[in-house]
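Heads up, the thing below is written out as structure tokens.
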């Protein structure tokens, strides 16, 4: 048994050599630590002579952004590995292949995706991904349906729910998304230029009531196995391929939380176009692309989710006429509400997004921040009345005027 310790780059190379079938004997391997997140070490191991490469991802026992004062369970590495394997069984073309999981070192060995780009970076560069909505809509429909009471034996689901109890990372979500942005918390981080708007949010009890409802759903509605952190930094893309990574926040929760995360990040980039578009015409054009993509994500998800319900539903009573529409309508409302929460926290809370934070022009950055908060608040306040995804488009468009 190997005692846990954070690996050095040389140790990562030596570990990679022990995995059969990945590299030739005697290969001169190289390593780069490429992790840009807060919770893990990520090593890119390659053989320059053959072009073969893999990723070694090792969980750290604390959050790098805070340090050892914020301890985290290493069990999240198991959760990530098992979630990837479940997702891979349902959508093998949409997640990286897992080669090995080492519980002693909290280490997962997986497929290298260096031929892809992190989607957040691509959107900042104003790239277009014509297949993304179809891919991520299918990923959401397949993974959420087949891990729910609709698509799997309900007793088996209860066992799996226990397998994915994830208290440390759920605590991060509960605090940083559903609590701290709405009060003067030490973890908050925002520019003084928008303090007036932030303080308005802190005192907006109508907004807080809706957030409380959404938080309650996150805490209690064990609907399906979520990725749990499905932002554009957790998605690798090319024009023809989409790969979902990093499901270490996986747990059983409300489906709309995952769908809303995707929508929120498209809208955060929409707001960020204040700083990334060179002129008004190109800004309008790219924003239209983002809104169309968001709508297509929902439309693809809904179409495929309803088809799976009709073809593969294992729960007899839920096939009662009318229940499917009630269920999907609630998913839409949850999606919109959670999208709003995700947007607000990325402007006020602990961890921001490069779509807005990397804007160099202070005036453009402030406009982007205020627009994002306006859209986020409107989504949260409106979500329980929503009947169509078009209302998301209307909110974004109206708040931009």
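Every residue, even glycine, has its Cβ placed from backbone N, Cα and C.
A TrEMBL annotation is a machine prediction, not a hand-curated record.
Summarising the annotation, TrEMBL assigns ATP binding site to 40, 57, 111, 112, 113, 246, 247, 248. For 229, 345, the entry in TrEMBL reads substrate binding site. Per TrEMBL, the feature domain 'Aminoglycoside phosphotransferase' maps to 32-264.
All features noted in TrEMBL, drawn onto the structure.
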{"residue": "40", "record": "ATP binding site", "Cβ contacts under 8 Å, 6 or more apart": "57, 58, 59, 60, 248"}
{"residue": "111", "record": "ATP binding site", "Cβ contacts under 8 Å, 6 or more apart": "54, 55, 96, 97, 98, 99"}
{"residue": "112", "record": "ATP binding site", "Cβ contacts under 8 Å, 6 or more apart": "44, 46, 53, 54, 55"}
{"residue": "113", "record": "ATP binding site", "Cβ contacts under 8 Å, 6 or more apart": "55, 96, 236, 243, 245"}
{"residue": "229", "record": "substrate binding site", "Cβ contacts under 8 Å, 6 or more apart": "246, 247, 248, 249, 261"}
{"residue": "345", "record": "substrate binding site", "Cβ contacts under 8 Å, 6 or more apart": "176, 177, 180, 181, 351"}
Binding-site residues (246, 248), the one with most neighbouring Cβ atoms at 10 Å: 248
Three-class DSSP secondary structure - residue 345 (substrate binding site): helix
C-beta crowding around residue 247 (ATP binding site), within 10 angstroms: 27
Averaged pLDDT, computed only over the residues in the domain 'Aminoglycoside phosphotransferase' (32-264): 96
